[in-house]
Each structure stands twice: as structure tokens, then as C-alpha cells.
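*Asks:* First the structure, then my questions, so here it is.
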Ligand SMILES: [Zn+2]
Ligand SMILES: [Zn+2]
């Protein structure tokens, strides 16, 4: 359950407030679960929220380096695990990369990733219709889902010259 009246109408191209938003949300999630957003967890989340494109684990370690010293891989992987478990970060299987969650949704809710082949941006979408359709399908075949991540590859509206929403082509 989320009772946020948070405005999601921000422009993805210039998401400068991304990290601050994400950290504020993470603090709330952690507080409500009695978990702690340690400094390394916060840093990992901020680095992902700052990036418009998904970030691989090793690139993430480079970005987190301070005075030329990268954090130990195990430290970063543990922080990622925590963030994944709490639904603050998603892992994009096809790219083996991570991205901060844009939304407040249930950790097991279906998520649709729209992956642009041209600019590499990945945006996250959710749809009640897709969620309903998917759970009906799973019930029908008796499959218990561990995660429900749908990846759609293609070209984003920006790269298509802003024609994304043009009706009838
Ligand atoms: Zn999400
Ligand atoms: Zn694009």
C-alpha cells in the first residue's frame, strides 16, 4: 500500500531531482520496515538514481570511487541486494545492469521496462491491465512468479523525434 500523493509527472530527460527523490523515498521505506539505509546503501542508490541509463556493477564501483579508491565488490553487491529486496532498485536481466526504481509500487508488482536501443535510456512503466492480464495468465497455467519484469526494446519518443504519441502513423 502506498498513500503517496507524489507527483510523477516529471520530465525524464532532465531528472536532476532523481537522487534526492529516490533517497527520500528510500528513507521512508526503510523506516517503515525497521531497516537501515546505511551510507553505502544510500550512495549506491543515489548513483543509480543519478543515471538515466542502467549501470553495471563494475561501472557502479567506478562511480563510487573516492580518492581513486573503489569500494570492495562485496560491499557494493550487498548494498544492491538490500536495495533489490526492498524494491528500491531493479535489475535489468538482459543488460546485467541496475536502475533505481522510479515509482512506489509493490515489490512484487509487474514492472515494464521500456529500453531504448538508440540512447540507452530505460524508463519504467506499470499498467493495471498488464498486471491483471499477467496474473490471469499465471493462474491459468499454475505458475508462481518470483519476479514479473517485462522488458520491451525499441526506440523512445525522444529518439523518434517526439512522435511517440502521434496518433495513427
Ligand atoms: Zn520500480
Ligand atoms: Zn532514446
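Note: Cβ is positioned from N, Cα and C throughout, glycine not excepted.
TrEMBL annotations: computationally assigned, not manually curated.
Straight out of TrEMBL:
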type: BINDING; residues: 105; note: Fe cation binding site
type: BINDING; residues: 116, 119, 156, 159; note: Zn(2+) binding site
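For each feature listed, report its degree of burial, its nearest neighbours and the pertinent distances within the displayed model.
*Replies:* According to DSSP, residue 105 (Fe cation binding site) sits in a coil region rather than a helix or strand.
Residue 119 (Zn(2+) binding site) falls outside any helix or strand according to DSSP and counts as coil.
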*Asks:* May I ask you to report the DSSP-based helix, strand or coil state of residue 159 (Zn(2+) binding site)?
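*Replies:* It is coil.
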*Asks:* Using C-alpha atoms only, work out the spacing between residue 156 (Zn(2+) binding site) and residue 105 (Fe cation binding site) and round it to an integer in Å.
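*Replies:* Here the two Cα atoms lie 23 Å apart.
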*Asks:* Please identify, among the binding-site residues 116, 119, 159, the one with the smallest Cα-Cα distance to residue 105 (Fe cation binding site).
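*Replies:* So, spelling it out, the nearest of the binding-site residues is 116.
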*Asks:* If you take the centroid of the Cβ atoms of 116, 119, 156, 159, the listed Zn(2+) site, which other residues of that chain have their Cβ within 8 Å of it?
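*Replies:* Near the Zn(2+) site, the remaining chain residues are 117, 118, 120, 121, 155, 157, 158, 160.
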*Asks:* Compile a sequence-ordered list of residues in the same chain as residue 119 (Zn(2+) binding site), six or more apart from it, whose Cβ lies below 8 A from its Cβ; state 'none' when nothing qualifies.
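*Replies:* Listed in sequence order, they are 53, 156, 158, 159.
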